[in-house]
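Working notes for the structure below.
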Amino acid sequence: MLKQRTLKNPIRATGVGLHTGKPIQLTLLPAPADFGIVFRRVDLNPPVEIPANPYNVGETTLSTCLIKGDVRVSTVEHLMSAMAGLGVDNAVIELDSAEIPIMDGSAGPFVFLIQSAGVLEQDAPKKFLRVKKEVTLRDGDKYASFTPFDGFKVNFSIEFDHPVFRDRRPQTEVEFSTASFVKEVSRARTFGFMHEIEYLRSKGLAQGGSMANAIVVGEYRILNEDGLRFEDEFVKHKILDAIGDLYMLGHGLLADFRAHKSGHSLNNRALRLLLEQKDAWEWVTFEDEQPVPIDYLRPLAVA
């Protein structure tokens with residue numbers, strides 16, 4: 001049986017908020033089977049819990065933000081992507097701020113945290129949403145689609161009219177597994193244009209943004225001294241974001257997800273559209289000895 005997973009031990013980290021620029025303390029805690037992933041704001045009295053759920057996603061302009069009443073937790077997508085990558089189904093994420101720390105702008109530090117905590121199998125089957133027929137959402141020249149696939153594959157393409165992007169690969173595809181996620185996707189950093197960052201700062205946002213946690217693109221070139229971590233880092237980060245946004249489902253997907261110029265909003269709206277079309281999908285588990293279509297590292301290897 002392919003089992004659900006949680007963290008073996010609690011683990012704590014500190015980082016800086018992308019928008020506030022202030023220190024944030026983050027604690028990842030184990031949770032029981034069928035609990036899901038829940039964010040807990042411990043800076044509030046009483047603490048407020050917001051489950052990771054596509055219908056709790058509110059603001060998506062600069063990141064994926066979970067909202068419950070007037071309480072929010074933003075920039076959750078990189079941590080959610082790491083949870084998906086290591087197959088964690090159940091966890092409590094405590095934080096003392098309205099945003100998850102940006103760390104280095106990728107999911108790499110969160111992968112390291114989860115690996116350091118260890119991963120524990122639970123006595124309950126891991127659930128997947130298996131897509132049975134195509135569901136596509138179009139918005140002008142952008143689109144996001146789900147088609148049937150025996151596994152989870154993400155194909156993403158981007159388009160920017162800018163010198164830095166003209167000679168780089170605008171499209172790439174990753175067949176999801178723990179190994180491919182950690183090696184090919186997790187270290188891809190978020191990116192932004194210098195003029196946009198300056199504008200955001202003038203509005204009191206992106207106070208914690210720097211070349212230590214983002215690829216900064218100037219008028220003609222990448223401004224980071226050490227350049228890119230790999231040639232297709234821009235589009236790989238879009239795949240990282242999409243994996244995190246789609247993991248708001250709370251379960252793994254068995255589908256071929258293809259997107260062009262998609263972002264947090266379109267990813268979320270496409271996921272909601274899929275859920276609304278109940279004849280397009282089904283829940284499945286792998287409780288016998290049948291082959292499992294996604295290769296997760298064994299917990300001993302993860303730990």
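Note that Cβ sites are derived from N, Cα and C of the backbone, with glycine treated the same way.
Because the structure is a prediction, the values reported are computed rather than measured.
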Further binder of Zn(2+) named by Swiss-Prot next to His237, Asp241, taken from the candidates His78, His162: His78
Surrounding CB atoms that lie within 10 Å of the CB of His237 (Zn(2+) binding site), all protein chains: 26
Residue pair His264 (active site, proton donor), Asp241 (Zn(2+) binding site) - Cα distance, angstrom, rounded: 7
Residue with minimal Cβ packing [other Cβ atoms within 10 Å] among the recorded positions His78, His264: His264
Zn(2+) site, defined by His78, His237, Asp241: further same-chain residues with Cβ within 8 Å of the Cβ centre: Glu77, Ser81, Ser106, Ala107, Ala188, Arg189, Thr190, Lys238, Ile239, Leu240, Gly244
